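> One structure, pasted below without further comment.
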Amino acid sequence: MRALAKLAPEEGLTLVDRPVPEPGPGEILVRVEAASICGTDLHIWKWDAWARGRIRPPLVTGHEFSGVVEAVGPGVRRPQVGDHVSLESHIVCHACPACRTGNYHVCLNTQILGVDRDGGFAEYVVVPAENAWVNPKDLPFEVAAILEPFGNAVHTVYAGSGVSGKSVLITGAGPIGLMAAMVVRASGAGPILVSDPNPYRLAFARPYADRLVNPLEEDLLEVVRRVTGSGVEVLLEFSGNEAAIHQGLMALIPGGEARILGIPSDPIRFDLAGELVMRGITAFGIAGRRLWQTWMQGTALVYSGRVDLSPLLTHRLPLSRYREAFGLLASGQAVKVILDPKA
């Protein structure tokens, strides 16, 4: 089979031939039909400081994908051969304190597909059966491939007291920020403001936002106060940008909620008293997806048609054109780029 792998501790990836793996006890073999490139994959491609500290080549990359169950290992009752599945990328231990208290999404021994073990940029992949989410067979594989990152957006939106009837600011209109805008709109929030300095991506938020803000052209805090009269009740932070984080926190009304998924590339400084404590701000750190509550919430939105993820699928390319695909995503002139492992 063909697979896209990190073979050496250096920039880039390589298209390789590998034997089709066989599922062991509790595992399934998935024939991958669609795979999506994530920002994490870009880090691995660039071989930046994070990748150098985490990735151990050789490794087949990719953790956002969908496909068909081709075979099951001993002891597997579900899913069954022929099922269409999306994959939860976090493999958890079930034994650490986090898992034992139901916080599987922050398992102390998490292994991530395509990061810590072979992932989905391949024609076939073996995964734990428990990591498969069975989809209706009429759900397009391209949409099914991005249910995993969609879960990050769903988790962020529904953390804390939710968003229904609340004013919301979204900082960062990358793929997950845009997905969050869809969920926020479908959940009855308003007014909704979305901020991002990339005009291409910001435009994708137009159907879901009451106000778009390019912070390079307008004062975000001034716009927020003009639209809301005082500030927003909820901040959803996806950018990981230090300036955006500070602006977002100060855009909150006293007593507001900040839900932060964006990860800064370097540690940042902030005024704990002035930005959080004395203003009564509640901050939530969001990691991954709650297992399996987030999957239930997210698929309910997608299966019912309340959220349509297809507008975010901007490019579809064969796996053989992976260099072009990664270049598109790195340029900022794409949202979700889908790879077809069979082509």
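Just so it is clear, glycine is given a Cβ too, placed from its N, Cα and C backbone atoms.
So Swiss-Prot has the following annotated:
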- Thr40: active site, charge relay system (ACT_SITE)
- His43: active site, charge relay system (ACT_SITE)
- Cys38, His63, Glu64: Zn(2+) 1 binding site (BINDING)
- Cys93, Cys96, Cys99, Cys107: Zn(2+) 2 binding site (BINDING)
- Ile176, Asp196, Arg201, Leu261, Gly262, Ile263, Ile286, Ala287, Gly288: NAD(+) binding site (BINDING)
> Cβ within 8 Å of the Zn(2+) 2 site's Cβ centroid: which residues qualify beyond Cys93, Cys96, Cys99, Cys107?
Val92, His94, Ala95, Pro97, Ala98, Arg100, Tyr104, Leu108, Asn109, Thr110
> Hey, what's the Cβ neighbour count for Arg201 (NAD(+) binding site) at 10 Å?
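Within a 10 Å radius of the Cβ of Arg201 (NAD(+) binding site) lie 22 other Cβ atoms.
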> Looking only at His43, His63, which of these recorded positions has the biggest number of Cβ atoms within 10 Å around its Cβ?
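Counting every other Cβ within 10 Å of each candidate, the maximum falls on His63.
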> Here are the binding-site residues: Cys38, Cys93, Ile176. Which has the lowest count of other Cβ atoms within 10 Å?
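Least crowded of the binding-site residues Cys38, Cys93, Ile176, by Cβ count within 10 Å, is Cys93.
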> Which residue, of the binding-site residues Cys96, Cys107, has its CB surrounded by the fewest other CB atoms within 10 A?
Cys96
> Can you count the other CB atoms that lie within 10 A of the CB of Thr40 (active site, charge relay system)?
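Counting Cβ neighbours of Thr40 (active site, charge relay system) within 10 Å gives 21.
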> Where does Cys96 (Zn(2+) 2 binding site) sit by DSSP, helix, strand or coil?
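Looking at the DSSP assignment, Cys96 (Zn(2+) 2 binding site) belongs to neither helix nor strand, so coil.
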> Hey, what's the Cβ neighbour count for Glu64 (Zn(2+) 1 binding site) at 10 Å?
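I get 30 for this one.
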> At the level of the C-alpha atoms, what whole-angstrom distance separates Glu64 (Zn(2+) 1 binding site) and Gly288 (NAD(+) binding site)?
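Here the two Cα atoms lie 12 Å apart.
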> Cα-Cα separation of Ile286 (NAD(+) binding site) and Cys93 (Zn(2+) 2 binding site), in Å?
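The separation of the Cα atoms works out to 20 Å.
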> Nearest by CA distance to Gly262 (NAD(+) binding site): which of the binding-site residues is it, out of Cys38, His63, Cys93, Cys96?
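Ranked by Cα distance from Gly262 (NAD(+) binding site), first place goes to Cys38.
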> I'd like the Cβ neighbour count for Gly288 (NAD(+) binding site), meaning other Cβ atoms within 10 Å of its Cβ, all protein chains included.
21
> Work out how many Å separate Ile176 (NAD(+) binding site) and His63 (Zn(2+) 1 binding site) at their Cα atoms, rounded off.
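That comes out at 15 Å between the alpha carbons.
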